[in-house]
Amino acid sequence: MGKTSKDKRDIFYRQAKEQGWRARSAFKLIQIDEVFDILNGVTRAVDLCAAPGSWSQVLSKKLWEPSENKDEVKIIAVDLQPMSPLNGVIQLQGDITKLETAEAIISHFGDKKAHLVCSDGAPDVTGLHDIDEYIQSQLILAALNIATHVLMKSGTFVAKIFRGKDISLLFSQLSIFFEKVSIAKPTSSRNSSIEAFVVCQNYQPPDNYVPQKINPMIDDLEVIREITDSEVNRNIIPFVVCGDLRSYDSDMSYPIDENYEHKEIVQKPTAPPYKEVLERLSQISLKHEGFSINKQ
Amino acid sequence: MSYVDSICIKFLSPSVIIYGRGNSLFIQREKLKESLQLKTYDKIHKISFIDCGNNAHEIVCSAGRDILLTKVVDNKFQGTGSITRFNDWISSIKYLKDGIAIITRHNIAALLELEDNKLIIKKKFKCDDNSTLYCSFIHGNAWKDLIFFSGTALGELIIWKKDELSKESTTLYQKSTHNGVIFSVSYDEDYHGIVTASDDRSIKVYRPNESFSELKELSQLFGHTSRVFVCKIIKYNEEVKFISAGEDSNICFWTENGTLQSKKNISASGGIWDLDYDLKNNRIVTSSSTGKLNQFLLDKIFHEVYSQEVISTREHVEPSKLIYLENGTLCAIDSRTQIYTKMSTNNQWIKVEHPYISQKIVAMDVFKNRLFLAVKSSILIFDYSQIYEKLNFTFELNVDEKFPLPQESNYIRAIHVLNRNEIFLSDVYGSCMVVNVESKVVKNLFKIPKSIEPWTTSVEKIDDYWIIADRVGSLYLYRNDENDLSTFQMPIQKLSKLHGLTGVTTIRSMDNDFIKTTGNDGTIKTLHLNRKTSQLEFCQLERTHVHFIEKIREYNDESYIHGFNDNFFVMYKDREIIYEHKCGGRHRHWDVTLINKDDCKVQFAYIYKKQVHCVEFYLNNFKIDTPINDKSNIIWHTKPCNVLKVIDDSGILISGGEDTILKFTKIEMMEDGNVLYTKIADINSHISSIKAIVTWRENDEEKGDDLNIISLGSRAQIVMTKVIKMKYVKEEINFMLTNSLLCGNSKETTFDTETRFTCAFFDVKRRHLFVGCSDGYLRVFKLQHNEFSSSLKPFIESFYGKCILHITMIKSFILTMATDGIVCFWYFNEMQEEEIEHRHNLNELKIIHKLQHNQNGINCFDVFTINDDHYKIATSGDDTGLYVTEFETVDNSLIKCYKTIYSYGIHIAQVTGIKFITSDKLLTVSVDQTLCKVEIKSDKFTIIDKKFTCISDVKGFSFFNENLIFVHGAGLEAIKYF
């Protein structure tokens, strides 16, 4: 396949390169905002699992760039991996499952809390859907956990979800903290993908709720499930398509004209886990052979 | 019966294995297989057991949040078992002397005990680090002694235990060890070593100190090309070995010092999830993503006797050719045309006495224990004497006069032995003859058409037909005429570059006039000799994992492919690399012989760096004995199955998906209610994923009633296949844009090679194939036939602007459904081709009605016929909404739609299958792994029955005679109709 192959198959991948977005997922946040207006009036936002930074880029462009008082706009991007700097975005290298990360975010906001917490993070998938969906839901719970510490009342929480057999439990858990929970499917997300986004609006934690680390084995979520995982409850999560259905279709392939110029991606992937192997493949074929590094 | 991930496997005893497949627990003893009726909600991930004596075992399994308890007595399940559900996902489980220990995915250890047939948490404590775990391991047999090993997404290894004083946990060790997720951790007490396997493609071996507070990394092992899912330490004949396996379907056997001793590939089985070792029989079993189990007999795998020898000590003399006789004697010829032999039973090279050979030996072949050498225009024949145990020169046949071309520059270039006395010869000018070496009578004369290298690479005879392959890659068909020896026969058919430019390496005749050919393009092709037309017809293609296929041979009735991958000699069977040996590559003389039939021990000899090298090994495949109560012999798709169709009347299941294989499977209902799956064929014609299948029968005396299949998919490819007599499969058309371009008619198509054909409908009467395309077009192809072949011609197209996901036809209306959730009714008026002035005349294919159903992509639909004019259409998709509309076909160009009713909340994830049972009852299936029977009453949808499927990433369902529902996606499950 030629280097323009993906450009033809994936219009949003092509558009992201042409418009200077670090990843095609930038369009997902833009389309969610078009419907839910989640960025309106936001001056303090947190982007969790931010690398390579396309959502932070959207926040920077929509919140920081047009702002007349740029000092007032605070966008904090959190990830384990370092990422290239972005205008108006404060980067925190940290683990969203750790309480210290929440504290570090709060320290940047001072006594104020965030209007928006968002997360486009996904786990390292194993190929076993049940585990992958479980770990994704744990990642969202970790993001929610951070949100309970840093999000102001009436704030918004947006996160990527994998809709599988256990998704109603996650909806139930989110419904405890937010008045309105919706499933958003941007048109830039493929129809064939189980990916969608929860848009949780109007943060209203239960009375006397003290932000803490939710732990499924320690906290009795069975009780929460019994309260919230009813047939009635799971029916009320509305599904909302985001993005103009008349515009680009992420499942469509779009031809390129002869004057088309292939562009490299804006942000190349950070060091993959198999980087060391790749470096050594010039010396040995792992297809047939193996090698060891003796550390003794 | 399901084909789904088998995530865990254990030896219950040396002859009994217990394993999870999907959400079912199985036990296999000798040749019987049994499953526990009780099923968990999630797939079974871990198994542990305790020996209770008297051949009884208590078994405990973890499956997501569920823990399954059962008992096995005399290798049979006893009782129904019980399931207890916990709040968090169980990462590891172990049966202890004093209860059951678990580690949860949040790094919490708990001791469980059974009370009133339910497991309850007696004690629990959490590790200081509550990261989400990807793997864990419990060491110890009693709760108070346990040490826990946990692996995280960030490559951290945490070793922890309970502090006896504080009753809280103590972290003994915590450090980042891998550059990615740790998928497996294991500790071996005898070796006092830890192994971890990771996303970073490596395995690490550590030696802890006594208190586990420090770890010394001993080695890091790289042998996998993809993620490593499992690694264990075993003891084999008092030697420590590390065994690793993973996503790349490789199982690697490492020595203690980090040398990769052996690597086996079972790519047909998919990724390997788990393995276990039986010390008594030195046997490893693995479980994989297709549900297939494999076994590896270490005594056989590690047996490799290697030698390298100089056959002549004379200066500047080196071995140039070698070949085995049937009795295992290796014959080698040196650069001075001296012949040597070596028996398999001793290592002595014996010089063979023979007349002086002044010219180079160009070609050689063997029939049983008779050796034929081609020298210039002579054939030297040698026979092995059993009495004297040596090879003797028998006689020489000169064919000088029989070849009509210039003698000076001409010589025999290839020899193919047909039987003890008949040989096929070809010279450098393309003249070929069949000659009897005893009677010296020439039986046939053939001429290979002019080319740069017009000599033969392989020859096969079927009755009076000869199939001959030449060195430049052409395959020729000749019709025999024994009586006419006055002229050289010319071919009646030529197939150019059948296996590329480097020639067809083997031609093998099969039953019923089928022929298999191989070549250096890594494929096996099946052809059929049509005696009526005297033509060879292409039937199917199989892509192998061997880049250069050189020979196919049978050992103990099993057929093995011999060839080369890079610098390695490879023996391959059923999509598995049985053996590979680094020999320097394919440009060398080599041969293989069976030296022990009972054990299937073989010897591979080759010339490398002027020496003869021999390696002896076992040819054992990795199959586990087939249970007598389940003779199913298929291997399911290794990647998600996108589309599946059941042909009710003949019980054929046709499936295709991301692994690009179009699979034909015979299905039969057994008396015990199980399904027997028998492989008919796997077609490799698609170069990218298969998205849609349409089938039809001609029901025509002339065209027959064979089943026709059109499969479509990515890379703008359409393949038409025919199933002949429900037994053989023949490819009729392989339409690809690249082919069109090669033929110079690219202007006939408007689409790009990256276009995906997503759905199709075939109008049998008008021979139109309607295709929904990812570039937003609805295209119509015309299927045309002539005496010899069929073809597909792009006919007319119309731009819709969204990716069309489904298509069907009601009367003369085409219905399409796309990513915008709209059902479009198209009017299609076929004009005679000459009437159409412009190919893309939209007037002939136009939308006459639009019906908005779902909010976005329609992933499934069904149409119910109420009467001649009235229908109901049901759709669903990504938005989970179930929509039903009644419509009427008023005349040939008018559709009238009545009220649309809909419901949300039946499913919680994308709905991928919907079917009318009656006009007001539907069956649906979704990615939420639920099948729902839904009743529509007073415009309201009510779930009246539900069933769970263990198939994740569900892509749809199909029905077989209203007995079974086949759910497909990441696997296949047969569910009884309900």
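Yeah, the Cβs are placed from backbone N, Cα and C, and that goes for glycine too.
Note that the structure is predicted; figures quoted are calculated from it, not measured.
Positions annotated as domain 'Ribosomal RNA methyltransferase FtsJ' by TrEMBL: A:21-203. The S-adenosyl-L-methionine binding site annotation in TrEMBL covers A:Gly53, A:Trp55, A:Asp79, A:Asp95, A:Asp120. Annotation comment: TrEMBL describes A:Lys160 as active site, proton acceptor.
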Where the record says A:Gly53, A:Trp55, A:Asp79, A:Asp95, A:Asp120 bind S-adenosyl-L-methionine, what is the longest distance in Å from one Cα to another among those residues?
18
Cα-to-Cα gap, A:Trp55 (S-adenosyl-L-methionine binding site) vs the residue listed as 'active site, proton acceptor', nearest whole Å:
12
Just how many other Cβ atoms lie inside 10 Å of the Cβ on A:Asp120 (S-adenosyl-L-methionine binding site)?
23
A:Lys160 (active site, proton acceptor): which of the binding-site residues A:Gly53, A:Asp79, A:Asp95, A:Asp120 is the nearest Cα neighbour?
A:Asp120
Need one number: mean pLDDT over the domain 'Ribosomal RNA methyltransferase FtsJ' (A:21-203).
90
So among the binding-site residues A:Gly53, A:Asp79, who's got the most Cβ atoms within 10 Å?
A:Gly53
For A:Trp55, A:Asp95, A:Lys160, listed as recorded positions, tell me which one has the smallest number of other Cβ atoms within 10 Å.
A:Asp95
Kindly assign A:Asp120 (S-adenosyl-L-methionine binding site) to one of the three DSSP-derived states: helix, strand or coil.
coil
